[in-house]
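Listed in TrEMBL:
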BINDING   62-66, 130-136, Asp163, Ala278, Gly341, His390, Asp468  (6S)-NADPHX binding site
BINDING   Asn63, Asp126, Ser166  K(+) binding site
BINDING   Lys437, Gly438, Pro439, Asp440, Thr441, Gly467  AMP binding site
DOMAIN    14-227  domain 'YjeF N-terminal'
DOMAIN    243-522  domain 'YjeF C-terminal'
Amino acid sequence: MMLFGSEILTTAQMRAIESDAIDSGAATGLQLMERAGTLAAGHIRLANPKPGRAVILCGPGNNGGDGYVVARQLHHAGWSVRVLGLDNMPGPDAAHMKALWQELGPIHPLSDEQLHGEAPADIYVDAIFGTGLTRPADHRIMAILKRLGSDDPRYRDKLYAIDCVSGLCLDCGAMLGWPDDQLSRAPHARMTIAFDSPKPGHLLRPGCLLSGQVVIADIGISAQRRAAATQRQPLHAIRRPGDAAPGLPRLLGKSPEGHKYRHGHAIIVAGAAGHGGAARLSARAALRLGAGLVTLCPPQPAMPEHAGPPDALMRRPIDDGAALADLLTDGRISSICIGPGCGINRAAELLPTALQTRLPCILDADALSAIARDDSLLAQLHDRCVLTPHEGEFSRLFPDIAARLHKAEHQAGKTCHSRIDATRDASARSGAVVLLKGPDTVVAAPTGECCIHSALDVPWLATAGSGDVLAGMAAGLLARAIPPFHAAGLAALLHAEAARQFGPGLIADDLPEQIPSVLRALEV
Ligand SMILES: NC(=O)C1=CN([C@@H]2O[C@H](COP(=O)(O)OP(=O)(O)OC[C@H]3O[C@@H](n4cnc5c(N)ncnc54)[C@H](O)[C@@H]3O)[C@@H](O)[C@H]2O)[C@@H](O)CC1
Ligand SMILES: Nc1ncnc2c1ncn2[C@@H]1O[C@H](COP(=O)(O)OP(=O)(O)O)[C@@H](O)[C@H]1O
Ligand SMILES: [K+]
């Protein structure tokens, strides 16, 4: 699907692919390490064309091995290199790389005192821990990491991380041993050079906030990755809109011979008087995304509140389940959105009717609260439903799954349950597509398919009503017969792009109005 870019690999999958490459004779471990370190050095040099002074921090394992290769390559490129490393016996590949470095220069102790005693450098390379981190770093390494994350201008904006910032769990994005309130003092890399494929921790918070620019170095194991692809549950990053073309214009465009009913009819259920704004935002978004018709359905007493623009919007009062059932006998209706401004009781009353039709459904806000308090509603969900919870709603819907996300045991390196695992579990349990909102939005389908959308650069999306617009966008896409998993991912992409194009000062009302320019830029 044109929506999805790089595959994202867990660390176990990455290790398995690496083993396949070695076992098949495609490459030796030493060759992979040489490529990894050489490519990392290349990216560092591209970002810093003039040779300067580098301090390379090498840990006890293969991540440290990569670091010794970086040190050698920068040295040969004319850099003045200082290496700080551990006095341990690493595995054979890293030991070999360490020995090669020792032919060129000394290894100083890997300690905070040594680091801070060094003359200031132009860059610092973090090759302490990579995918092999199993527990929080000890206090000696912690002191180094705190130094690198400090406000001291000697270290600011100079950090290059090999595979990841040390301490990061690449499977879930957590920083082992770092309480949430201290994360601002964790090392923030300028660039992370990762190998073959991004890992979940590069895209999930807080990892994505600490990784800087993530560049992916091709170490020559893509054939092994592709060969084993069907054995993995698919997990992809959603591309930026510009990269998602050329398929998107065809998907979102309208054919010359189409008429409005060809483009679907979305029903947006609204709530009691005084709460109509949310549903109207959803309705505008559904219209702007090209649903052929959109009907807003408040209860009768709230009808006057919806008299204003947009005139393209149809209104029809729905007072109860029977009225909704009557409306839904119109076979041209192709999606329903329930939740924004709906009221929990009203959502609870209308949901069984909506779900019985098996029409594509967006369930947001109050609909999620209604489902959270009534297991029988959860049991009625189906695979054409899309749930769009933020973290609070997610915790109410799936308290046990959410609790595992924040378990302290993970800080001890024992278990790891990421936002991806949580969203997948929620989707499997509910039988619906689940979109867990945030700057690192995760979408999962009951089939196990999953994708991540990064919107770190558009924090202005955190504004009242922006979720209502997202729900409406997804409703519009569902109305146009885009399958639920893709409709959800695409809504996340277009929503963020609308915010990106508008920029600071954004309020939710601006988002639907920005859709035409987003579509134009996509050449729809
Ligand atoms: N998997 C692959 O395909 C490749 C991996 N490479 C590199 O290898 C790295 C993984 O290497 P390793 O598996 O050796 O793991 P790491 O080098 O990330 O670190 C693990 C080492 O540190 C120890 N350790 C773990 N947690 C610790 C803690 N809290 N305190 C003290 N010691 C701790 C482990 O016992 C082990 O010796 C990757 O991140 C990458 O940099 C590259 O060389 C290229 C290919
Ligand atoms: N810091 C952030 N950066 C990027 N996107 C964000 C951020 N915070 C929230 N969002 C996005 O904004 C939307 C907010 O939705 P929601 O929490 O339901 O708000 P509301 O209920 O006010 O509409 C979601 O799409 C979410 O992914
Ligand atoms: K590292």
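Cβ from N, Cα, C; glycine included.
TrEMBL annotations: computationally assigned, not manually curated.
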Inter-residue C-alpha distance, Thr131 ((6S)-NADPHX binding site) and Asn63 (K(+) binding site) (nearest angstrom): 8
Spatial separation of Gly438 (AMP binding site) from Asn62 ((6S)-NADPHX binding site) - C-alpha basis, Å: 34
Most crowded position, judged by CB atoms within 10 A, among Gly65, Gly438, Pro439, Gly467 as binding-site residues: Gly65
Sequence-ordered binding-site residues from Asn62, Asp126, Lys437, Pro439, Asp440, Thr441 with Cβ under 6 Å of an atom of ligand 3: Asp126
Non-site residues, in chain order, whose CB comes within 8 A of the mean position of the CB atoms of Asn63, Asp126, Ser166 at K(+): Leu57, Gly59, Gly64, Gly67, Ala127, Ile128, Phe129, Gly130, Ala161, Ile162, Asp163, Cys164, Val165
Inter-residue Cα distance where the pair is Thr441 (AMP binding site) and Ser166 (K(+) binding site), in Å: 24
Cβ neighbours of Asn62 ((6S)-NADPHX binding site) where a neighbour is any other Cβ within 10 Å: 24
Candidate binding-site residues Gly65, Thr134, Asp163, His390, pick with smallest Cα gap to Gly467 (AMP binding site): His390
Per-region confidence, the domain 'YjeF C-terminal' (243-522) (mean pLDDT, whole number): 94
Pairwise CA distance, Asp163 ((6S)-NADPHX binding site) versus Thr441 (AMP binding site), rounded so that it is a whole Å: 22
Among Asn62, Asp126, Thr131, Thr134, Asp163, Lys437, the binding-site residues whose C-beta sits under 6 Å from ligand 1: Asn62, Thr131, Thr134, Asp163
Subset of binding-site residues (Asn63, Gly65, Asp126, Thr134, His390) lying within 10 A of Gly438 (AMP binding site), CA to CA, in sequence order: His390
Closest of Asn63, Asp126, Thr134, His390 to Thr441 (AMP binding site), Cα positions, binding-site residues only: His390
Rounded Cα separation (Å) that holds between Thr134 ((6S)-NADPHX binding site) and Asn63 (K(+) binding site): 13
Inter-residue Cα distance where the pair is Asn63 (K(+) binding site) and His390 ((6S)-NADPHX binding site), in Å: 36
Binding-site residues near ligand 2 among Asn62, Asp126, Asp440 (Cβ under 6 Å): none
